[in-house]
Amino acid sequence: MTGRLGIDDVRPRILDGNPAKAVVGEIVPVSAIVWREGHDAIAATLNVSGPEDSSVAAEPIQIHMRPTPDNQDQSNAFFVPDVPGNWTFRVDAWSDPMATWRHAITTKIEAGQGSDELYNDFEHGAQLFERAAENLSKEDRTALFDVASSLRRGGDVRARLAPALTASVTHLLELNPLRELVTMGENLQVRVERRAALVNSWYELFPRSTGGWDESGTPVHGTFATTAQALERVAKMGFDTVYFPPIHPIGEVNRKGRNNTLTPEPHDVGSPWAIGSKDGGHDATHPRLGTIEDFQALLARARELNLEVALDLALQAAPDHPWAQEHREFFTVLADGTIAYAENPPKKYQDIYPINFDNDAPKIYEEVYRVVKFWVDLGVTTFRVDNPHTKPANFWQWLISAIHKSNPEVIFLAEAFTRPARLYGLAKIGFSQSYTYFTWKVTKEELTEFATEIARMADISRPNLFVNTPDILHASLQHGGRAMFAIRAALAATMSPVWGVYSGYELFEHEAVKPGSEEYLDSEKYELRPRDFEGALERGDSLEDYIALLNQIRRANPALQQLRNIHFHEADNDQIIAYSKVDALTGNTVLIVVNLDPRSAREATVRLDLGALGLEAGAQFEVRDAITGSRYLWSETNFVRLEPLRDVAHIFVLPELPASRRERLAWREIKTYRA
């Protein structure tokens with residue numbers, strides 16, 4: 001917007017009016033283009049106010065914005081919200097007469113002008129300092145009056161000017177600027193969520209697969225009680241959230257058999273996503289898992305282990321779901337009177353009825369809200385939403401807003417493998433996190449482009465980097481050997497503050513149902529899959545310890561707990577990728593170097609952008625590998641060799657940056673001006 005002074009391209013700003021995203025304790029960088037006519041100096045102030053229970057609720061704080069050294073028109077600042085809720089910020093531009101005067105008189109003195117020629121300049125400066133002294137404390141007022149007196153004294157011009165240029169006076173004026181032609185910007189919103197919306201590690205497991213085997217070696221159906229026992233291992237690996245696929249009754253009509261066959265055996269358990277039977281629907285638990293009370297006991301055990309339970313919200317129904325019997329209007333009824341089942345040609349899902357949200361929207365909205373609120377009231381605060389991009393956007397916007405009115409702590413993860421317009425559209429209307437195409441990004445070029453993009457979109461979307469899912473076993477894992485599992489885990493755990501693992505990954509499960517498919521052989525979606533995690537660990541056939549170490553490193557390094565700041569460094573081998581993250585609040589800096597080749601040792605010369613690390617040109621510094629504990633002396637140019645059978649990655653922790661070198665690292669890196 002342009003008033004007396006120009007204020008353009010304020011960021012973060014979501015163009016359709018939705019709030020930007022942030023979490024408690026996160027740096028929120030704010031930038032703006034401020035400009036004016038002529039040569040007079042211009043400055044900007046960031047005004048921030050928070051919700052009622054924040055530290056800045058009663059009176060907004062004002063933060064002086066600083067220009068980017070190589071782009072004087074861009075002003076920068078940041079704030080750190082301390083409570084969840086809706087925060088408001090505004091950028092004001094103002095003419096800075098003091099800076100204009102300082103620049104002018106300094107230039108004239110350097111040009112050799114004397115006392116007589118500078119009479120008006122000194123008098124103007126004295127008057128500015130007298131104006132600036134108004135409303136200050138007695139001590140500060142006296143300091144500025146002394147400067148004015150010095151400017152009016154005769155004698156050497158440099159000596160007269162010197163008191164006006166001291167660090168203490170400069171700092172005092174920065175805290176209490178003399179502002180003219182103040183132009184107020186637009187109030188913009190930031191939706192601040194609890195920290196788990198950004199910093200989180202997820203582990204997915206099927207509760208029904210936690211029952212082990214009977215004496216004959218036959219899998220036993222798990223319960224909420226056996227799941228509670230399984231949580232101890234999950235917590236030991238350092239995960240924050242354990243996610244369960246649907247725990248509801250499973251339809252018996254058109255039930256799928258093993259490996260998605262249409263001819264199930266009597267003992268086949270079906271797909272958990274075919275929700276609903278005579279035993280209940282979305283507000284019931286599968287009878288073989290246990291009762292609602294048993295589920296509450298599981299929640300209590302999870303809390304004891306500092307784990308959060310995420311439930312699957314899949315808005316679809318099996319043919320024998322109560323909705324299909326009592327609310328046929330929720331679905332699409334065909335000409336022959338049957339209800340349409342789900343299709344994604346040529347695939348057919350005869351065991352699932354998709355909901356038609358245009359048939360009876362008010363009742364559907366009311367029923368889904370009732371179901372979600374039922375689980376929230378039991379203590380569930382996170383939902384992984386199945387295929388939200390196949391449901392209307394306005395429904396999700398309404399539902400998330402309605403739940404947040406009473407329970408703002410609830411997190412919604414969008415399982416939306418879809419086009420950017422849909423993925424980012426869902427994020428803008430309220431989803432806290434989103435699945436991504438990380439699984440399919442395998443080359444150095446693809447990974448660099450992907451990580452740069454997710455950092456750039458941090459105001460809108462928070463990516464959850466799952467290394468695998470029950471639906472996705474990427475070819476790189478099928479054929480890359482054990483080293484590839486470690487490589488992908490290291491990348492996911494360090495590229496985003498949110499990452500996830502589906503059970504079995506730590507056992508290097510890699511067999512596909514057929515060549516060219518990404519479906520697991522003997523998929524857990526259709527059968528019980530108990531696993532001998534303890535035996536695998538004893539045999540050395542497990543990635544558990546490595547995953548636990550990654551989560552430990554993430555917790556210990558704030559740089560890995562933020563999304564916005566990632567910088568790639570040059571490595572002269574297309575199989576070696578190097579990138580860094582810096583936390584501007586603590587000065588914590590982490591440099592990650594990964595060998596993308598799971599079969600061969602790779603060497604590279606890594607050339608660091610020292611400025612991106614907050615370091616001076618020519619700096620030498622010690623780095624500590626958080627994986628091995630080894631220490632090295634590094635500089636701008638460094639040799640790296642990584643062997644898959646030993647170490648697939650370095651995660652180097654650099655010396656803590658001093659406060660004086662941190663601030664600029666929090667600023668937005670804007671390469672193009674957005675009009």
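Placement of Cβ uses the backbone N, Cα and C atoms for every residue, glycine included.
Going by Swiss-Prot, these are the annotated features:
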ACT_SITE  Asp386  active site, nucleophile
ACT_SITE  Glu415  active site, proton donor
BINDING   Lys256, Gln316, Asp351, Asn387, Lys525, Tyr526  alpha-maltose 1-phosphate binding site
SITE      Asp471  site 'Transition state stabilizer'
Distance [Cα-Cα, Å, rounded] between Lys525 (alpha-maltose 1-phosphate binding site) and the residue listed as 'active site, proton donor': 16
Recorded positions (Asp386, Asp471), the one with most neighbouring Cβ atoms at 10 Å: Asp386
Densest Cβ neighbourhood among Asp351, Glu415 (recorded positions), 10 Å radius: Asp351
Residue pair Asp471 (site 'Transition state stabilizer'), Tyr526 (alpha-maltose 1-phosphate binding site) - Cα distance, angstrom, rounded: 11
Site of maximum Cβ density within 10 Å, from binding-site residues Gln316, Asn387: Gln316
C-alpha spacing of the residue listed as 'active site, nucleophile' relative to Tyr526 (alpha-maltose 1-phosphate binding site), in angstrom: 17
Recorded alpha-maltose 1-phosphate site residues Lys256, Gln316, Asp351, Asn387, Lys525, Tyr526, farthest C-alpha pair in Å: 20
Distance from the residue listed as 'active site, proton donor' back to Asp386 (active site, nucleophile), taken between C-alpha atoms, in Å: 5
Top Cα neighbour of Glu415 (active site, proton donor) in the set of binding-site residues Lys256, Gln316, Asp351, Asn387: Asn387
Which of Lys256, Lys525, all binding-site residues, has a Cβ with the fewest other Cβ atoms inside 10 Å: Lys525
Coarse DSSP state, helix versus strand versus coil, of Tyr526 (alpha-maltose 1-phosphate binding site): coil
